[in-house]
Amino acid sequence: MDEMATTQISKDELDELKEAFAKVDLNSNGYICDYELHELFKEANMPLPGYKVREIIQKLMLDGDRNKDGKISFNEFVYIFQEVKSSDIAKTFRKAINRKEGICALGGTSELSSEGTQHSYSEEEKYAFVNWINKALENDPDCRHVIPMNPNTDDLFKAVGDGIVLCKMINLSVPDTIDERAINKKKLTPFIIQENLNLALNSASAIGCHVVNIGAEDLRAGKPHLVLGLLWQIIKIGLFADIELSRNEALAALLRDGETLEELMKLSPEELLLRWANFHLENSGWQKINNFSADIKDSKAYFHLLNQIAPKGQKEGEPRIDINMSGFNETDDLKRAESMLQQADKLGCRQFVTPADVVSGNPKLNLAFVANLFNKYPALTKPENQDIDWTLLEGETREERTFRNWMNSLGVNPHVNHLYADLQDALVILQLYERIKVPVDWSKVNKPPYPKLGANMKKLENCNYAVELGKHPAKFSLVGIGGQDLNDGNPTLTLAVVWQLMRRYTLNVLEDLGEGQKANDDIIVNWVNRTLSEAGKSTSIQSFKDKTISSSLAVVDLIDAIQPGCINYDLVKSGNLTEDDKHNNAKYAVSMARRIGARVYALPEDLVEVKPKMVMTVFACLMGRGMKRV
C-alpha cells in the first residue's frame, strides 16, 4: 500500500474499509466507478434529491480519484476516509455504506482477494437460497446426494462443489439451457467435476450471469461470497423471467392514465414489481410503497398485498384462500412479520424472507419474496376494452436475447433488460468499448441521473460519442449510422453496432491467445478444417454459411478433436436427420462445447438454422479453447 493511504490507520480500520470497499465494488474488479456509487446511494435509500446525489458523486470523484483515471482504487478509497473524513460529503458516503446491511465477515478473519478487498457474505442469503433450492430440487434423483441441505450449516458451499446443483438451477431458471446428457452424474473424479463446473459457469454466462471473476476452483472450494453471488444471479433470472410484457400480457393492467404500452415496456422487472404491488395496494386503500426495503419493514403493506392477491374462489376449480388480517394489529414488528409470513404460507409463498429479513428491510430477499408472490398469484386481468396496440408485444428475438445476455455476462451497469431502450443513453455501449480495448474518455460522458430538462440531449451526446468511437479508434463499419439512431432505439442499426462489438470481443480473445496474430473468418475456417482432418474426422466446413452445419456434426467432431474421447457418439445422430435429430445434436454440441471450457453464447437453434454470425462465434470460441491445448 503506498504512502498516501497509510497515515495512522489501524488494522481493524483497514479491515473495515476493505469490507466497505467490497460492498460498493459491485463487479469486484478492484475499482469503484461512478455507476457503482449511484447504485450505492440508490440501495441505501437515503432521502436525498437526485441533484444532491449527483453533486456528492462528482465531489467524491474529484477529491478521491487522485490519478484521474475515472475510477477509485482501494488506496484512493482509504484516502477519502482519512483525509476527507470530516467533510459532509464523506460523512454521507460513509452513512450510505453502513446502510448496506446483513453483512457477516467470514469467521472474523476474511480472506483477502488479490485486489485487497475483504469478502464477507450474508447469512440471511445463505439461509434463503438453501430453502429455495431444497424445494426446487426435492424430487430430482440426481441431487439426492446433497438435497436437502441444512440451511444453518455450510452444506450449501459443499453441495455446489460438483456442479450438478448449479446446472439444475440454471435449467430451472431458463429451461433447456443445458443438455442433461452433458452433465456428468457418476464417477465424479476431480477432472469430471471440473467439467461440470465449466458447464455450469459457461451456461450461467450464456443466460446473462456476470461470472467474469468466478473460476471453477472458487466453486469447488465453495467460496461463500462467490457461490452466493452466482446463485442470486441464477435465481433472480428465473424469478424475473415472466415479469415481462411480451410473456405476460396481463401486465398491461398496470398501465396508468395517458401512459403508452411502449413506456410500460421500458420498465425493468424491479420497477414492474413495484408497480404491481402498488396497483394492489391502491385497490386495498393502503398507501403506496417506494421500495422493497424501508417501506415494507412493518409488514403492513404485505398484509394488504396478500389479501388482494389471495384467490377468492370465483374461478372454476380454484379453492378460496382467506388471509387472516388479525396479525396486522400486532404491536411488535417481528411478531407482525411472523404472522404475515404464516399467511403467505397459506399461498405456498413463505420463501426467501424470515421475520427478521422483513423487519431489517433486506432489499434483495424482499425483492425475491415479492417476485415469487407475483409468479404464483399475479391477480391481474388483461385489459380488453382499451385502445392498446398489442402488436408491440412481440418479445425479443433469439439474436437480441443472445446479445443482451452477452452484455450482462460482462457485468455492464445498469443491467440490460430491454436491448434498445436500455442502450438509448449509450452508457452500456461505452462500457463495451472498454471491454474491447477501445479507450473511453469518461470525462466526455454524461451520466445519470439526468436532469429533468434536456435529459435526451445528454443521452444523444453520449450516443454521438459512441458512434464516433466506433468509426475511428474501433474502425467499425458504421455507414449510415448516427448517434440519433442509437438514441431512437432503431433496432436494425443498434444491432449492427452491437454485433460488431461482440464480433470484436470474440476475435480479441483469439488474438490474445495467438500472441497478437490477427484473426478473421478465413483464419478460423482454416483452423477448424485443419484440426478436424488432423484428428481423422471426415467433416469440414466451407464457410459459416455452410448448410451442412445444421447437423452440428462438424461442431461435435471439433469438440472431440480438441478433447479426444469426450463425445459420446451413441448420443449423436447422423445420416438422414429429422428436425428433432438436428435439434438434439445441436443441443448436445452447445452443452459439450461449454463443458470443455468454451464460453459459447449461441443457442442450438443458431446451429440448426445456420445463422452465420452466431455460427462464427461458436467456432471462434472453440478455436480459442483449442489453442489453449498447446
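The backbone N, Cα and C atoms fix where each Cβ goes, and this holds for glycine too.
For the recorded site, Tyr31 (Ca(2+) 1 binding site), the DSSP three-state label reads strand. Positions annotated as Ca(2+) 1 binding site by Swiss-Prot, on the basis of sequence analysis: Asp25, Asn27, Asn29, Tyr31, Glu36.
Long-range C-beta contacts of Asp65 (Ca(2+) 2 binding site), restricted to its own chain and to partners at least six residues apart, with a cutoff below 8 Å, comprise Lys71, Ile72, Glu76. DSSP classifies Asp65 (Ca(2+) 2 binding site) as coil under the three-state reduction. Per Swiss-Prot, Ca(2+) 2 binding site is recorded for Asp65, Asn67, Asp69, Lys71, Glu76.
Taken from Swiss-Prot, the feature domain 'EF-hand 1' applies to 12-47, supported by sequence analysis.
Marked as domain 'EF-hand 2' by Swiss-Prot on the basis of sequence analysis: 52-87.
As annotated by Swiss-Prot, domain 'Calponin-homology (CH) 1' applies to 123-239. Summarised by DSSP class, the composition of the domain 'Calponin-homology (CH) 1' (123-239) is 76 helix, 0 strand, 41 coil.
According to Swiss-Prot, the feature domain 'Calponin-homology (CH) 2' maps to 267-378.
The domain 'Calponin-homology (CH) 3' annotation in Swiss-Prot covers 397-506 and is backed by sequence analysis.
The domain 'Calponin-homology (CH) 4' annotation in Swiss-Prot covers 518-627 and rests on sequence analysis.
Under the heading phosphoserine, Swiss-Prot lists Ser268 (among others). The number of other CB atoms found within 10 A of the CB of Ser268 (phosphoserine), across every protein chain shown, is 18.
The secondary structure of Ser293 (phosphoserine), as reduced to three states from DSSP, is coil rather than helix or strand. According to Swiss-Prot, the phosphoserine annotation covers Ser293 (among others), on the basis of similarity to another entry.
Residues or ranges marked as phosphoserine in Swiss-Prot: Ser326 (among others). DSSP assigns Ser326 (phosphoserine) to a helix. Close to Ser326 (phosphoserine) in the fold, though at least 6 residues off in sequence, lie Ser339, each with a CB less than 8 Å from its CB.
Feature annotation from Swiss-Prot assigns phosphoserine to Ser339 (among others); the stated evidence is similarity to another entry. When other Cβ atoms within 10 Å of the Cβ of Ser339 (phosphoserine) are tallied across all protein chains shown, the result is 20.
Among the features that Swiss-Prot reports, phosphothreonine is placed at Thr391. Long-range Cβ contacts of Thr391 (phosphothreonine) within its own chain (separation 6+, distance under 8 Å) are none.
Annotation comment: Swiss-Prot describes 109-382 as region 'Actin-binding 1'.
Residues or ranges marked as region 'Actin-binding 2' in Swiss-Prot: 383-627.
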Checklist entry - Inside 8 A of the center formed by the CB atoms of Asp65, Asn67, Asp69, Lys71, Glu76, which other residues of the chain have their CB, for the recorded Ca(2+) 2 site? => result Tyr31, Gly64, Arg66, Lys68, Gly70, Ile72, Ser73
Checklist outcome for this item: Note: among binding-site residues Asp25, Asp69, least Cβ-dense neighbourhood at 10 Å is Asp69
Checklist entry - Among the recorded positions listed here (Asp25, Asn29, Tyr31, Glu36, Ser293), which has the Cα closest to the Cα of Asn67 (Ca(2+) 2 binding site)? => result Tyr31
Next on the checklist: Please report the Cα separation of Glu36 (Ca(2+) 1 binding site) and Asp69 (Ca(2+) 2 binding site) in Å, rounded to an integer.
Outcome noted: 15
Item to check | Asn29, Asn67, Ser293 as recorded positions, winner by CB count within 10 A | outcome: Ser293
Item to check | Helix, strand and coil totals (DSSP H, G, I; E, B; other) for the domain 'Calponin-homology (CH) 4' (518-627) | outcome: 70 helix, 0 strand, 40 coil
Checklist entry - So of all those binding-site residues, Asp25, Asn29, Tyr31, Asp69, which one's Cα sits nearest to Ser268 (phosphoserine)? => result Asp25
Item to check | Distance [Cα-Cα, Å, rounded] between Asn29 (Ca(2+) 1 binding site) and Asp69 (Ca(2+) 2 binding site) | outcome: 14
Checklist entry - If you draw a 10 Å sphere around the Cβ of Lys71 (Ca(2+) 2 binding site), how many other Cβ atoms fall inside it, taking every protein chain shown into account? => result 20
